[in-house]
Amino acid sequence: MVTLRADEISNIIRERIEQYNIGVKIVNTGTVLQVGDGIARIHGLDEVMAGELVEFEEGTIGIALNLESNNVGVVLMGDGLMIQEGSSVKATGRIAQIPVSEAYLGRVINALAKPIDGRGEISASESRLIESPAPGIISRRSVYEPLQTGLIAIDSMIPIGRGQRELIIGDRQTGKTAVATDTILNQKGQNVICVYVAIGQKASSVAQVVTTFQERGAMEYTIVVAETADSPATLQYLAPYTGAALAEYFMHREQHTSIIYDDLSKQAQAYRQMSLLLRRPPGREAYPGDVFYLHSRLLERAAKSSSRLGEGSMTALPIVETQSGDVSAYIPTNVISITDGQIFLSADLFNAGIRPAINVGISVSRVGSAAQIKAMKQVAGKSKLELAQFAELEAFAQFASDLDKATQNQLARGQRLRELLKQSQSDPLAVEEQIATIYTGANGYLDPLEIGQVKKFLVQLRTYLKKNKSQFKEIISSTKTFTEEAEALLKGAVQEQIELFLLQEQT
């Protein structure tokens with residue numbers, strides 16, 4: 001039998017006492033009362049903050065949204081299938097935040113900034129709050145630089161500036177995503193970082209967009225944030241804020257960014273689902289009372305920074321889906337009132353083969369010509385008015401049998417102007433090509449052509465300018481003005497090509 005001496009026992013006890021650590025940690029905990037439909041009711045958590053992250057026993061994270069007198073309503077960031085009634089929940093003391101870094105460029109991530117493209121982890125040393133306050137008046141300056149979309153109809157008549165918020169609105173299947181993705185493709189070489197946020201879309205649609213970006217080399221300056229239709233409502237609600245936090249990171253580093261929210265109708269629906277399950281009182285169209293604030297606090301984060309802050313910018317292009325062209329519904333009117341203009345896409349124009357199907361009459365940019373280079377202002381200044389007059393005249397001409405020559409000429413000119421605004425998808429045009437195209441139409445050079453020949457001729461003209469008149473591009477790029485020299489070059493090229501084209505068509 002082993003005998004222990006008294007001094008050995010006292011040594012062991014002394015060591016144990018020295019090793020004993022009296023670290024007292026206060027943890028704010030609660031108990032699950034009920035769970036289901038992506039919502040949990042928690043008893044306890046007396047000191048939890050609104051919007052604080054809470055952690056369940058089995059690892060699921062949630063956000064405390066409803067702070068009531070006898071329980072806390074938590075929305076889950078996962079399916080929560082393993083959460084049991086009576087299990088414990090602890091407050092983390094943190095508000096939702098994500099890691100941010102340059103390494104996110106070219107990646108596809110979810111609303112929690114975790115990669116979902118199967119290309120490994122993303123290293124990041126900094127983090128940003130998902131929800132941060134919008135820049136104040138002093139830290140902004142007015143929008144003055146253009147953000148070229150590559151679409152003639154937009155860049156000439158509804159110009160978008162860096163730091164602007166321009167809504168893209170229309171029915172389903174009218175080409176809203178196509179306008180947004182073409183804008184991203186056109187930023188190649190423009191030193192603009194793009195963030196594309198897909199909310200509640202089919203995974204196949206998102207994959208198609210990502211494939212287009214990869215094929216056209218756009219992923220190197222783009223981040224895709226995707227929460228598809230099968231994601232929990234909480235993550236669909238958070239995705240736009242995650243995208244905004246990433247875009248803000250680059251904006252504060254004196255870079256230009258552009259962010260597309262595709263689309264905010266789905267985010268509002270996800271928020272409505274969460275709010276109704278949390279028993280918040282419903283308002284118009286069953287949306288909660290703060291659905292306006294949901295979108296305003298997101299879109300107000302887009303800004304053009306002042307010179308003191310480095311002149312970075314964040315341009316927001318939110319997309320909203322309408323039902324049968326009803327622009328006066330709740331979410332469309334909300335977002336229209338928040339943004340600095342809207343691009344309205346019409347199903348009738350789309351079905352008539354006018355693509356992009358932009359209704360120039362009710363589309364508007366509240367920044368206007370401040371977001372255009374001088375050359376574009378000089379050439380396209382009257383285009384919108386001419387097209388609006390043409391649309392009015394066309395409607396009237398349907399009922400009139402005999403029209404005078406001047407009216408017939410105006411109708412013919414209008415039809416050709418409308419024709420030159422048509423563009424194929426994923427085929428953005430450089431600004432000098434747009435200027436050449438509009439000048440050709442506005443000055444009547446297309447009048448001798450049949451409407452069906454316009455597109456073919458314009459392709460031929462742009463190819464000729466690129467190959468043989470490169471100085472035209474150089475003048476526009478360097479001076480940003482449509483000088484007399486540039487006009488003379490363009491006029492000569494157009495006249496020469498028209499004659500050549502008509503000869504080719506006759507033979």
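In case you wondered, yes, glycine gets a Cβ from its N, Cα and C as well.
Remember, predicted model here, so these are calculated numbers, not experimental data.
Other Cβ atoms within 10 Å of the Cβ of GLY170 (ATP binding site) number 28 in total over all chains. Under the three-state DSSP scheme, GLY170 (ATP binding site) falls in the strand class. The feature ATP binding site is assigned by Swiss-Prot to GLY170, ASP171, ARG172, GLN173, THR174, GLY175, LYS176, THR177, with sequence analysis given as support.
Marked as site 'Required for activity' by Swiss-Prot on the basis of sequence analysis: SER363. In this structure, SER363 (site 'Required for activity') belongs to neither helix nor strand by DSSP; it is coil. Within 10 Å of the Cβ of SER363 (site 'Required for activity') there are 22 other Cβ atoms, across all protein chains.
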Residues within 8 Å of the GLY170, ASP171, ARG172, GLN173, THR174, GLY175, LYS176, THR177 Cβ centre (excluding the ATP site residues themselves):
GLU321, LEU345, ALA347, PHE350, ALA357
Can you check which residue among the binding-site residues THR174, THR177 has the largest number of Cβ atoms within 10 Å of its own?
THR174
Could you state the CA-to-CA distance between THR177 (ATP binding site) and SER363 (site 'Required for activity') to the nearest Å?
17
Residue pair ARG172 (ATP binding site), SER363 (site 'Required for activity') - Cα distance, angstrom, rounded:
17
Between GLY175 (ATP binding site) and SER363 (site 'Required for activity'), the C-alpha gap once rounded to whole angstrom:
15
Rounded Cα separation (Å) that holds between GLN173 (ATP binding site) and SER363 (site 'Required for activity'):
18
